[in-house]
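TrEMBL has this to say about the protein:
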- 16-415: domain 'Major facilitator superfamily (MFS) profile' (DOMAIN)
- 20-44: transmembrane segment (TRANSMEM)
- 50-70: transmembrane segment (TRANSMEM)
- 91-117: transmembrane segment (TRANSMEM)
- 174-196: transmembrane segment (TRANSMEM)
- 239-261: transmembrane segment (TRANSMEM)
- 273-291: transmembrane segment (TRANSMEM)
- 303-320: transmembrane segment (TRANSMEM)
- 326-344: transmembrane segment (TRANSMEM)
- 364-387: transmembrane segment (TRANSMEM)
- 393-411: transmembrane segment (TRANSMEM)
Amino acid sequence: MYSPLELLSPQKLGGTFRRVLMTSILSNLGDGVLIAAGPLLVQLLTKDPFLVSLALFMQTVPWVLFGLFAGVVNDSISRKHVMLITGSVRFLVLSGASVMLLTGTLNIWLLYLLLFIMGTGETFGDNAWSSVIPDIVPSEHLGAANARLIGSNQVLNQLAGPALGGLLFAVASWLPYAFNAVLFGSALILIARTVIPNPHLENREKPLAQRSLTARSRQVFGDLGAGLKWLWQHAAIRTLAIVIFTFNITWGAAWGVLVLYAHQILGLTDWEYGIFMALSAIGGVLGTAIYSAAEKRMSYTTLMRIGLSLETLLMLAFALTSNRWFAAVFMLIFGFYAVIWGTLSMTIRGRAVPTEMRGRVGSVYMLGVMGGIAIGTGIGGVFAGLYGITAPFWFAFVADALILALLWRALPAIGRAGQHGPQEPVNDETASSL
């Protein structure tokens with residue numbers, strides 16, 4: 001009989017991972033609370049649609065401005081230090097927001113500043129988080145560890161957190177921010193007491209901070225160039241980056257109008273839309289539960305081909321249906337697939353990318369994710385305005401089908417890269433042509 005803690009984080013994943021997972025749980029719950037409380041606060045401060053939309057821009061633009069630089073930093077210094085610094089910044093921002101809401105001194109312009117600082121902290125902190133996991137978990141258990149991280153994100157960030165955030169905001173506008181500050185403070189204590197190795201620093205000649213300003217600038221740009229060169233020369237990982245970037249364009253196009261699709265096509269009310277979105281998180285829990293078994297029974301190539309084909313067909317299914325019950329099933333399946341695919345791509349990168357390159361390569365991937373979504377939402381908005389709400393889903397289906405057809409023969413090379421690891425680079429002719 002396993003204890004709940006053993007089921008959540010088996011001993012085979014290690015005690016360090018268990019503490020990191022608990023920290024991730026606290027952070028994900030806090031982020032989920034803000035998913036609901038953030039828009040409610042913006043709407044409380046301004047009714048101007050442009051100013052409301054600007055809030056999301058201020059939180060996401062740091063990924064574009066600092067994303068690649070964050071990768072260089074995380075490959076140059078202790079990633080634990082990055083986690084502690086960025087976590088402290090987020091703790092101070094949330095505490096400050098709580099105090100300003102209590103005293104009535106917070107305005108929309110101050111909120112923009114706080115959101116920009118929070119977004120910058122997330123840019124550096126999230127890169128550090130994703131970079132350390134392969135260093136603290138045995139390679140053969142990396143998939144199981146990533147599945148638990150992504151699954152906890154689905155449950156807390158997308159399901160429990162938003163519900164709690166809305167409830168806390170209804171009680172008092174400052175309460176979700178104070179609650180979040182407590183969560184981040186607790187996460188900081190956990191990380192401070194966790195020993196995280198730094199194998200990426202073992203071969204560095206001299207710490208970045210000990211060099212002159214000119215030498216530091218030269219090293220930063222040199223390190224960035226080296227990371228981009230490694231990614232470009234590693235055909236399989238380059239192809240995986242292309243897959244993630246292009247599929248995030250199509251996903252952003254469809255999901256950018258999802259709330260309009262739910263209301264206008266499916267006829268859902270506001271609270272029904274909340275349940276509709278929660279189905280994706282429930283599907284994610286199922287995906288977390290079966291990932292380890294699926295990884296043992298199927299190759300990475302098979303999992304990728306099934307997953308990407310499923311996403312393509314789901315876009316077609318959403319485009320064709322106006323039945324809320326069918327759409328609910330599709331949403332459940334999408335959440336299931338999203339965790340499987342997210343875990344798979346993270347595991348392949350974790351095994352294939354050397355630890356000294358992991359921050360820089362990870363930053364390119366995150367830039368691709370955020371950039372792809374930004375491009376996709378713009379495309380989706382144009383298509384929806386010209387041809388109707390389901391047009392972005394049709395666009396996503398056609399584009400996904402074309403992308404998948406072009407990349408189908410390159411997927412085996414990506415799968416092998418995840419199995420061989422960084423010491424055994426894979427040079428595949430099919431992948432090299434992309």
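Each Cβ is built from the backbone N, Cα and C atoms, and glycine gets one as well.
Just so you know, TrEMBL annotations never went through curation; they're auto-generated.
Against the transmembrane segment (20-44), stretch 174-196 shows more Cβ pairs under 8 Å than any other of 50-70, 174-196, 326-344.
Same-chain neighbours of the transmembrane segment (364-387): 60, 63-64, 67-68, 71, 123, 126-127, 227-228, 231, 241, 244-257, 260, 349, 395, counting only residues six or more beyond its ends whose CB sits under 8 Å from a CB of the stretch. For the transmembrane segment (91-117), the residues of the chain that approach it from at least six positions outside its boundaries are 30, 41-42, 45-46, 51, 54-55, 58-59, 61-62, 173-174, 177-178, 180-181, 184-185, 188, judged by C-beta separation under 8 angstroms. Within the chain, the transmembrane segment (273-291) has long-range Cβ neighbours (under 8 A, six or more residues past its boundaries) at 143-144, 147-148, 150-151, 153-155, 158-159, 162-163, 259, 262-263, 266, 324, 327-328, 331-340, 343. Away from its own ends, the transmembrane segment (326-344) comes close to residues 143, 146-147, 150-151, 154, 262, 266, 276-277, 279-284, 286-288, 291, 294-295, 300, 303-304, 307-308, 310-311, 314, 317-318, 418 of its chain (Cβ-Cβ under 8 Å, at least six residues beyond either end).
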